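K.L.:
Could you have a look at this structure, given as structure tokens, before my questions?
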Amino acid sequence: MEHIFNFSAGPAVLPVEVLQQARDEMLDWHGSGMSVLEMSHRGKEFMSIAAKVEADLRELIGIPGNYKVLFLSGGASSQFAMVPMNLLRGKKSASYVNTGEWSKKAIKEAKRYCIVNIAASSEDANFTCVPPQDTWNIDPDAAYLHYTPNETIGGVEFNWIPDLTHLNAEVPLVADISSTFMSRPLDITRFGLIYAGAQKNFGPAGLTVVIVREDLLGTTLAGTPTMFDYKIHADNDSMYNTPPTYPMYIAGLVLEWLKKKGGLAAMEQINIAKAKLLYDMLDTTDFYHCPVARSDRSRMNVPFTLKDSALDDAFLKQAKSRGLIQLKGHRSVGGMRASIYNAMPLEGVAVLVEFMKEFASNHA
Ligand SMILES: *Cc1c(COP(=O)(O)O)cnc(C)c1O
């Protein structure tokens with residue numbers, strides 16, 4: 001097989017070392033005679049895998065003891081409902097920041113459970129930027145404030161964490177961090193709750209991680225299903241029901257890989273270098289165009305258009321023949337999107353940039 005660089009937005013590229021290790025351990029995990037796929041989630045083998053995943057995650061991020069780490073299924077999309085069901089805590093409203101497609105989905109779902117105050121929106125700017133915090137209007141009675149640190153589809157990323165300390169009552173910050181999770185250091189103490197679907201930058205589809213401050217748990221909306229109650233999962237170490245065992249195992253291998261790479265600060269530097277390489281090229285040509293404001297460009301998902309969209313098919317076809325795959329933009333925005341998560345090496349971005357320069361000069 002020739003070498004492929006996979007720019008999928010998710011499920012996305014995984015470190016090749018992780019896939020090789022999973023292959024080697026597929027039939028017999030550590031001499032147990034079993035595949036991880038075949039293990040009881042309550043057996044000592046899988047319990048040790050689960051404990052190590054949590055310990056490594058806590059170590060890499062630096063998660064304090066008063067935060068619970070939950071390993072759930074249902075995708076980030078289930079969190080759009082679980083967040084209001086668990087965090088309204090008797091209040092009637094929640095504040096949301098609307099920066100794109102994923103924010104909109106979270107807002108739509110929250111409206112089923114509470115009054116949604118839109119604290120800020122970049123919809124007027126076609127979701128090409130982050131609204132500065134001094135323009136936000138946060139409902140002081142809101143149960144929490146929800147935002148999307150990286151909009152995977154629009155390619156818009158916050159390079160700052162909202163500061164809610166000026167509000168009279170505590171309004172916990174909640175973030176759908178699916179597509180920037182583990183790509184940079186994270187000060188979890190600034191948040192009440194974060195959640196991430198694993199398939200963007202952390203592991204396979206089927207696993208969703210929730211990190212939540214303990215004191216926010218325990219008051220759910222009437223009618224909340226047992227499986228949607230964070231406290232049930234927290235009290236049962238994510239083993240109330242069968243957790244997504246194989247995705248947790250793969251995520252564990254990804255965490256070991258991250259530790260070998262030097263952790264989140266080292267990974268951030270690599271991610272900055274990769275993004276710079278691609279954006280610098282986009283900015284030095286008028287053949288390609290990135291619609292996102294320079295200060296708010298995502299390090300993970302880079303959307304761009306070609307000067308003439310009639311060339312899109314030729315671009316994708318020739319890219320594919322060079323081993324550069326899954327570059328087609330999201331159906332809602334068109335154009336191209338290169339997702340350059342942790343597991344995309346700098347070399348992959350360099351090959352893409354060379355190809356793009358060549359394509360531009362051949363079609364100038
Ligand atoms: C992919 C994505 C989702 C949806 O994740 P699912 O696991 O498919 O539910 C939600 N939010 C963001 C920011 C995403 O990138």
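Note that Cβ sites are derived from N, Cα and C of the backbone, with glycine treated the same way.
Not my notes, these are from TrEMBL:
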- R42: L-glutamate binding site (BINDING)
- A76, S77, W102, T152, D176, Q199, N241, T242: pyridoxal 5'-phosphate binding site (BINDING)
- 4-351: domain 'Aminotransferase class V' (DOMAIN)
- K200: N6-(pyridoxal phosphate)lysine (MOD_RES)
K.L.:
Given R42, N241, T242 as the binding-site residues, which ones have a Cβ positioned under 6 Å from some atom of ligand 1?
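P.N.:
Cβ under 6 Å from ligand 1: none.
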K.L.:
Among A76, S77, W102, T152, D176, Q199, N241, T242, listed as contacts of pyridoxal 5'-phosphate, what is the widest Cα spread in Å, to the nearest whole number?
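P.N.:
Across A76, S77, W102, T152, D176, Q199, N241, T242, the widest Cα separation comes out at 30 Å.
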K.L.:
With an 8 Å cut-off on Cβ-Cβ distance and a minimum sequence separation of at least 6, pull the same-chain contacts of N241 (pyridoxal 5'-phosphate binding site), or say none.
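P.N.:
In sequence order, the residues whose Cβ lies under 8 Å from that of N241 (pyridoxal 5'-phosphate binding site) (at least 6 apart) are M227.
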K.L.:
Mind checking which of R42, K200 has the fewest other CB atoms within 10 A of its CB? They're the recorded positions.
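P.N.:
If we count Cβ atoms within 10 Å for the recorded positions R42, K200, the smallest count is at R42.
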K.L.:
I'd like the number of other C-beta atoms within 10 A of the C-beta of A76 (pyridoxal 5'-phosphate binding site), please.
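P.N.:
The answer is 25 other Cβ atoms.
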K.L.:
Around T242 (pyridoxal 5'-phosphate binding site), how many other CB atoms lie within 10 A of its CB?
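P.N.:
Result for T242 (pyridoxal 5'-phosphate binding site): 10 neighbouring Cβ atoms inside 10 Å.
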K.L.:
In Å, rounded, how far does the Cα of the residue listed as 'L-glutamate binding site' sit from the Cα of A76 (pyridoxal 5'-phosphate binding site)?
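P.N.:
Cα to Cα, the residue listed as 'L-glutamate binding site' and A76 (pyridoxal 5'-phosphate binding site) are separated by 25 Å.
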K.L.:
Give the number of CB atoms, excluding that of Q199 (pyridoxal 5'-phosphate binding site) itself, located within 10 Å of its CB.
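P.N.:
Excluding its own Cβ, the number within 10 Å is 23.
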K.L.:
Given the binding-site residues S77, T152, and counting only Cβ atoms in the protein chains shown, which has the most within 10 Å of its Cβ?
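P.N.:
Compared across S77, T152, the most Cβ atoms within 10 Å surround T152.
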K.L.:
Could you tell me the C-alpha distance between K200 (N6-(pyridoxal phosphate)lysine) and S77 (pyridoxal 5'-phosphate binding site) in angstrom, no decimals?
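P.N.:
So the Cα of S77 (pyridoxal 5'-phosphate binding site) lies 13 Å away from that of K200 (N6-(pyridoxal phosphate)lysine).
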K.L.:
Within the domain 'Aminotransferase class V' (4-351) only, compute the mean pLDDT.
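P.N.:
Averaging the confidence scores along the domain 'Aminotransferase class V' (4-351) gives 97.
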K.L.:
For N241 (pyridoxal 5'-phosphate binding site), which DSSP three-state class applies?
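P.N.:
In the DSSP reduction, N241 (pyridoxal 5'-phosphate binding site) maps to coil.
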K.L.:
I want to verify one value. Collapsing DSSP to three states, which class is T152 (pyridoxal 5'-phosphate binding site)?
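P.N.:
SS state of T152 (pyridoxal 5'-phosphate binding site) = coil.
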K.L.:
What is the Cβ neighbour count of D176 (pyridoxal 5'-phosphate binding site) at a 10 Å cut-off, with all protein chains included?
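P.N.:
Other Cβ atoms found within 10 Å: 27.
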